[in-house]
Each structure stands twice: as C-alpha cells, then as structure tokens.
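Worksheet: one structure, shown below.
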There are 2 protein chains.
Amino acid sequence: MGCVIRLRIDLAYDGGAFYGWAKQPELRTVQGEIESALARILRTPADGPQPRLVVAGRTDTGVHASHQVCHIDVDESALASCVGHMDAPAEVALQRRLDRMLPDDIVIHRISRAPEGFDARFSALERTYVYRVRDAAVPMDPRLRGFVLRLDDELDVDAMNEAMAATIGLHDFGSFATPNPGGTTIREVKIARWDRVPVRPLVAYADETARGSLGTPAYVTPAADSGLLTLTIVADAFARNMVRSLVGASIKVGQGKRSVAWFRDKVAEPKREGETGPIAPQGLTLEYVAYPPDDQLATRAEAIRAKRTL
Amino acid sequence: MGCVIRLRIDLAYDGGAFYGWAKQPELRTVQGEIESALARILRTPADGPQPRLVVAGRTDTGVHASHQVCHIDVDESALASCVGHMDAPAEVALQRRLDRMLPDDIVIHRISRAPEGFDARFSALERTYVYRVRDAAVPMDPRLRGFVLRLDDELDVDAMNEAMAATIGLHDFGSFATPNPGGTTIREVKIARWDRVPVRPLVAYADETARGSLGTPAYVTPAADSGLLTLTIVADAFARNMVRSLVGASIKVGQGKRSVAWFRDKVAEPKREGETGPIAPQGLTLEYVAYPPDDQLATRAEAIRAKRTL
C-alpha cells in the first residue's frame with residue numbers, strides 16, 4: 001500500500017428518501033450510498049478495508065444538507081487511477097465520477113486535498129442549521145413540501161424569539177436532547193433566531209432599458225421562499241435531536257400552548273421528559289459547517305475531543 | 001335539482017407525481033384527484049352527473065402550478081350542506097374540507113363564488129409560466145430537483161434572449177407546438193425573457209438593534225432560488241408543448257449548438273420537425289392566470305372562443 005491522502009468532500013443532499021447520514025445495514029443512507037460508489041470508482045478490493053467517511057454533522061432520517069462536509073483517507077495510487085482520459089487533477093476527476101454515479105438526491109460539490117490536521121468532524125468550529133416553516137401567513141407552495149413544514153397556525157414570532165433567546169450561550173440542553181454514550185448534552189449556542197423571509201420577486205426588473213424588447217411582466221413571480229418562517233441556529237455542535245426539539249418547543253410557545261417561562265425553565269433545568277420531543281424532520285437543513293484557518297485545524301481538533309463541561 | 005352556483009377554485013400543485021392535469025382512466029391526474037374528492041364531499045350520487053372542473057391551463061405530465069384556476073358548477077344545496085359545524089361561508093367550508101382531503105401535492109388556496117360570466121378557461125386574459133434551470137454558474141441544490149432542471153453547461157444568456165425576442169408578438173408557433181384538433185398554433189407572446197435570479201440572503205439582517213441578543217450569523221444562508229436561470233413567458237394562451245419547446249430550442253442556442261438565426265427561422269417558418277421537441281417537464285411551473293375586471297369577463301370569453309388568425 002502506498003501513500004495515503006486525506007480528501008475533503010463538500011456535498012449536499014435531499015434527506016427525504018434516506019434513513020439519515022449514518023450507514024446502517026439494509027437501509028438507504030447517505031454514507032452508505034457514497035461509500036459504495038467510492039468503492040466502485042476506486043476499485044477497492046472486496047476483501048480489504050472499505051472506504052470510510054467521517055462527517056461533520058450526522059443528520060437524522062429525513063433531514064437535509066445544503067452544505068455538509070466529510071473526509072476520507074484514500075490510497076494515492078487508487079486516486080490517481082480515476083483520472084483516466086480526463087484533463088483534470090485527480091480530486092476533480094473523482095468529484096465528477098462520484099457525482100455522476102450517485103443518485104440525484106446527492107450532489108458532490110467539491111473534492112479537495114485536506115490541509116494538514118483537518119478532520120471533518122473534530123476540526124469544525126460551528127454548524128448552521130435552518131428549520132423552515134410555512135404558517136398561516138402565506139399560501140403553501142406544494143413544490144416546497146419536501147423541505148418546509150406546513151402549519152396552519154398563526155404563530156407569535158416575538159414570543160418564539162423571546163424563548164429562543166434563553167438558548168444563547170453555554171448550556172446543558174438535556175431537556176431537548178439525548179446524550180451520546182459517554183457524551184454530554186452541553187453545547188454552546190451562538191445564534192438562535194426566528195425570522196420571516198421577506199416576500200420578494202423571483203427576478204429583479206431594474207434593468208429595463210437594456211431589455212426593452214423582452215418586456216416586463218405585469219405579474220411578478222415571487223421567490224420560492226417568500227414569506228416562510230425560518231429558525232437559524234448556530235452552535236459549536238448539536239446533541240442528538242437538539243435542533244428539532246428546540247424548534248418543536250418554540251413552536252408550542254408560538255402557538256400559545258406553552259409560555260416563554262415554560263421554555264426558559266426547560267433550558268434552566270436540563271431534564272428529558274415529555275413535551276419537548278423532536279418535531280418533523282423535513283423542515284430541517286444543515287446549511288453550513290465552518291472550519292478555522294488551516295494553521296489552527298489540529299489545535300481545534302485536540303480541544304474538541306476533550307469532553308464539554310459547564 | 002335546485003339552483004346551480006359556479007365556483008372559482010385557485011390552487012397549486014406539484015406535478016411530479018401526476019400524469020398532468022386532465023383526467024384519464026387509471027392514471028393519477030390532478031383533475032381526477034380533485035373531482036373524486038369533490039364527489040365525496042358534496043355527496044354526489046354515483047348514478048348522476050359527476051363534478052366536472054374546467055381549467056385555465058391544462059398542464060402536461062410532470063408540470064407544476066403555483067397558481068392555477070378552475071371552475072365548477074355545483075348544486076346550491078349540496079354546497080350548503082358542507083358547512084356542517086363550521087362557522088364559515090359555504091365556499092370557505094368547502095375549501096377547508098377539500099384541502100384536508102386531498103394529498104399533500106395539491107393545495108387548495110381559495111374557493112369563491114365566480115362573478116357573472118366567469119369561465120376559468122375562456123375568460124383568462126393571459127398565462128405566466130416560469131421555467132427554472134440550474135446551469136454551471138451555481139451549485140445544484142438537490143432539494144430543488146423536483147422543479148429545477150439541472151444542466152452542467154455554461155449558457156450564453158444574452159444569445160438566449162436574442163432568440164427569445166423573436167417570439168414577442170402574434171406568431172404561428174407551428175415549429176414549437178402541436179395544434180389541438182380543429183385549433184391553430186397562433187398565439188400572442190407578450191413577454192419572454194431569461195433572467196439570472198440574484199444571489200440573495202434567505203433573511204435580511206438589517207434590524208440588528210431590535211434583536212441584539214439573538215445575534216447575526218457569520219454564515220448567511222442563501223435564498224433557495226439564488227443564481228438560478230429562469231425563463232418568464234407570458235402569452236394570451238399557449239399551444240400544446242409550446243413553452244417546453246421554446247425553452248429547449250433557446251437552451252440549444254445558449255449551449256452554442258444552434259444559432260440565433262436558426263431560432264428566428266423556426267419562428268418565421270412554422271413547421272413542426274426535429275430539434276424543437278419539448279424539454280423535460282420538471283422545470284416548468286404555471287405561475288399565474290390573469291383575468292379581466294368582472295364586467296369584461298363575458299365579452300372576453302366570447303372573443304376567445306373565436307378561432308385565432310394571423
């Protein structure tokens with residue numbers, strides 16, 4: 001076996017038809033699909049070690065990613081062999097082959113050589129998730145139902161944000177999450193805000209003089225996500241079920257079924273019990289994973305491997 | 001049988017799992033789903049005349065509608081009986097029951113009493129369609145693949161618009177469409193333009209002072225349709241396959257496979273032959289149907305029933 005190279009893979013997927021990221025026997029998972037495609041492209045011998053991805057955010061069944069990051073260690077000669085007739089660096093050739101082989105609910109945006117010390121999971125600085133809701137304020141667009149939760153309520157967005165403000169900072173989210181074996185539910189939330197997406201035209205018609213002959217329509221088509229309600233939440237990392245449980249609890253506040261004080265108590269007293277279970281997965285998308293500058297990657301990974309405490 | 005009332009129905013659907021609008025035996029169609037739900041709600045006797053919808057735009061297999069309009073004539077007493085325990089006018093009660101009964105790829109936005117002389121098909125003034133393409137300029141978002149066509153080419157948008165300009169006005173679109181039996185392919189195109197959707201943040205973060213404690217994310221999530229290429233086309237009406245054929249032909253121009261002059265010749269010489277067949281349906285959405293003011297509805301219907309000529 002020759003030299004081993006670590007590759008960083010940036011990708012996106014529609015989680016609707018997957019049993020989440022993590023490989024499971026007999027079930028369709030994102031990791032399972034990519035690893036088996038990689039084994040075919042890299043011609044990994046069936047009796048040897050198989051390709052194994054390490055991911056930044058292990059998404060659950062039905063959760064999407066518009067930007068996910070993982071890494072894989074591959075043999076340099078296996079990587080070089082996938083260039084074939086392409087006039088491109090080996091990692092670009094691999095990206096093209098992999099993207100073409102995968103089903104259309106996974107898109108490989110980029111494959112690059114990972115910088116020294118890079119670990120997709122442990123080097124990550126923070127993750128951004130967005131949860132999308134269509135409430136009574138706007139008509140439902142059925143084309144979006146795969147990644148937007150439809151609620152027919154009128155929601156009190158100010159109350160939802162009052163509740164969410166209690167999550168900012170370092171807390172034990174034990175009321176909203178399940179710890180991994182040997183792990184904690186202590187996390188640092190940096191941002192957590194519900195916003196109303198403005199109603200905007202799909203296209204701006206400012207450049208009229210340049211296009212006179214093509215005209216300006218009398219009816220202006222709105223942008224797809226006009227008027228949706230979105231939770232943007234950023235943390236160093238998230239415990240299992242944490243985002244969907246926070247979304248569900250804050251929506252109960254928005255519906256007037258629970259008070260802001262009830263929500264705050266759940267943050268103050270970390271205890272997993274009824275009424276804070278996870279909401280439906282389809283509204284949730286992992287939007288972004290941020291990494292520190294290359295020279296701080298290894299230090300970050302060291303720090304994050306240490307167990308979190310309050 | 002009592003008094004008959006004409007209802008206007010405004011609705012939306014994801015066309016991905018339908019064999020188009022028009023009812024066909026044994027196939028799942030939008031009209032078929034709605035008519036059978038209406039028969040159940042209005043308790044239409046099985047041996048009598050069944051509910052029958054008249055639609056503004058008969059969309060093909062796989063084509064979506066974010067705003068479609070149809071009408072139906074119902075018996076006043078059958079309509080009144082669907083109020084039940086609801087504290088709402090009969091047409092609102094019907095809208096709620098129908099929307100609840102239908103599968104989630106159809107959404108009933110509104111049901112209202114149609115004004116005198118209204119005919120969903122013949123009173124319509126113009127239809128707006130949008131075709132959405134993701135080209136090489138932006139990364140593909142797999143969550144949108146149900147209503148956006150993925151192309152990996154770099155497209156010459158100026159050339160595509162130069163071609164499209166030739167469609168503006170009254171023309172025989174015989175190169176791009178199939179006439180209905182006894183009909184023509186003469187239509188009046190009012191607008192036809194390709195635009196690049198601007199890359200925009202999902203949410204505007206201008207109101208920072210008001211929300212200080214919830215913070216502003218370092219990573220700004222883009223709006224779903226950022227960077228897409230869209231054709232907006234408006235005409236009095238469209239002949240069968242016309243939009244998708246114009247899209248396909250103008251994309252060939254954008255790819256450099258055909259010239260602007262070739263496209264113009266197809267408009268000037270209406271002849272159905274190879275190379276102008278319809279492109280994939282999933283990128284196409286009927287966005288809007290416009291009607292004249294109520295007092296011109298009947299006059300409009302009269303005029304449009306007359307056969308179009310050049």
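Note: Cβ is positioned from N, Cα and C throughout, glycine not excepted.
Just so you know, TrEMBL annotations never went through curation; they're auto-generated.
The active site, nucleophile annotation in TrEMBL covers A:ASP60. As annotated by TrEMBL, substrate binding site applies to A:TYR129. Positions annotated as domain 'Pseudouridine synthase I TruA alpha/beta' by TrEMBL: A:163-292.
Shown are the recorded positions A:ASP60, A:TYR129; the one with the most C-beta atoms within 10 angstroms of its own C-beta is A:TYR129. It is 13 Å from the Cα atom of the residue listed as 'active site, nucleophile' to that of A:TYR129 (substrate binding site). Residue counts of the domain 'Pseudouridine synthase I TruA alpha/beta' (A:163-292) by helix, strand and coil are 35 helix, 33 strand, 62 coil (DSSP-based). Secondary structure from DSSP puts A:ASP60 (active site, nucleophile) in coil.
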